[in-house]
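If you look up Swiss-Prot, you'll see Cys97 marked as active site, acyl-thioester intermediate, on the strength of similarity to another entry. As annotated by Swiss-Prot, active site, proton acceptor applies to His359, Cys389, with the evidence given as sequence analysis. Annotation comment: Swiss-Prot describes Lys237, Ser258 as CoA binding site. The K(+) binding site feature in Swiss-Prot is assigned to Ala254, Val355.
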Amino acid sequence: MAHTSESVNPRDVCIVGVARTPMGGFLGSLSSLPATKLGSLAIAAALKRANVDPALVQEVVFGNVLSANLGQAPARQAALGAGIPNSVICTTVNKVCASGMKAVMIAAQSIQLGINDVVVAGGMESMSNTPKYLAEARKGSRFGHDSLVDGMLKDGLWDVYNDCGMGSCAELCAEKFQITREQQDDYAVQSFERGIAAQEAGAFTWEIVPVEVSGGRGRPSTIVDKDEGLGKFDAAKLRKLRPSFKENGGTVTAGNASSISDGAAALVLVSGEKALQLGLLVLAKIKGYGDAAQEPEFFTTAPALAIPKAIAHAGLESSQVDYYEINEAFAVVALANQKLLGIAPEKVNVNGGAVSLGHPLGCSGARILITLLGILKKRNGKYGVGGVCNGGGGASALVLELL
């Protein structure tokens, strides 16, 4: 691990600490905690691991998608809850599923521009705590029944342009690239198997900050330190699930889509100059990044546009990339992008992904960067790329160089 002047230039963006909570299942182990609390836990742990005093932080940029009823300025709540001073600037980012990664990109840009030297970035989501809305109540509910709007569906999982769920877009992708139900189920089973193997080998231990959850009413509190989704795997059952979005000939199911979940992830970024000055251990550098967008209903394959942009921005060739994390919004997303980019399956999501681990919307973009860092460390890789699609037709991608 290097923090020598030869390997780090003054304006390099250096990752010096990372942490994430376990991914809690929908209405599961972490559902008693708001996203902001999960965010605080991840930030505090990342700073502690980085050996960076919270008082040195100049800015916090944090992703969050389902902000209704979280209270004002969620990123600020997460930061102050982690002991970061009142004088620190905080901004919440909403780029749907790419929020956590976009937050890291914005933080990196501020370091490259010389505006900041120490920034905390990441993302958080508690899908379990997303409220349902009485959308018409403010105008006066004069007569008859009122209907509830599901905030999670409306603001997180619905294509407003075509008035359909994200899963319907996944079906469109499966149709376009001729990806069968069996292929998607095989991929989903592989995601669980890889995730379980990684968990058993302790590959996630260095990523995770254990979360203490109050038992309430005098009952003892429990410690949550494992990704909850991995404990619910049943391959035979997964293959028998009914399609969720298309009755006739549908291929996308609850089993081969990402699971609704709760979690937070944080990264501490510093300039090369600051890393040398403070004698910090540099885990990796951010080499490049890129965003892309296309038709909203084809958000599924936007990573295939963003990933080459990020690799080019890093001044690399795709042949130099050792490992990829492509967020598994749906099994079909990982399969289609692998196909479009010509990537060998053994280089992608080697520790499982959102299908098995969970996909807390605002968190996932940051979570996959932390997982990617662990994979590069464990498998002696040098360059890794994280890519994540987002609702509305977009995607973000980022290149890491392990030191």
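Glycine is treated like the rest: Cβ placed from N, Cα and C.
Here the features listed in Swiss-Prot are placed on the structure.
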residue	record	DSSP (3 states)
Cys97	active site, acyl-thioester intermediate	strand
Lys237	CoA binding site	helix
Ala254	K(+) binding site	coil
Val355	K(+) binding site	helix
Cys389	active site, proton acceptor	strand
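Working note on the recorded positions Ala254, Cys389: by count of other C-beta atoms within 10 Å of each C-beta, Cys389 ranks first.
Cα of Lys237 (CoA binding site) to Cα of His359 (active site, proton acceptor): a span of 21 Å. Using Cα positions, the member of the recorded positions Cys97, Ser258, Cys389 nearest to Val355 (K(+) binding site) is identified as Ser258.
Ranking the recorded positions Cys97, Val355 by other CB atoms within 10 A of the CB puts Val355 at the bottom. When the recorded positions Lys237, His359 are scored by other C-beta atoms within 10 Å, His359 scores highest. Comparing C-alpha positions, Cys389 (active site, proton acceptor) sits nearest to Cys97 among the recorded positions Cys97, Ala254, Ser258, His359. The shortest Cα-Cα distance between His359 (active site, proton acceptor) and any of the recorded positions Cys97, Ala254, Ser258 is the one to Ser258.
Here Ser258 (CoA binding site) is positioned 12 angstrom away from Cys97 (active site, acyl-thioester intermediate), judged by their C-alpha atoms.
There are 27 other Cβ atoms within 10 Å of the Cβ belonging to Ser258 (CoA binding site).
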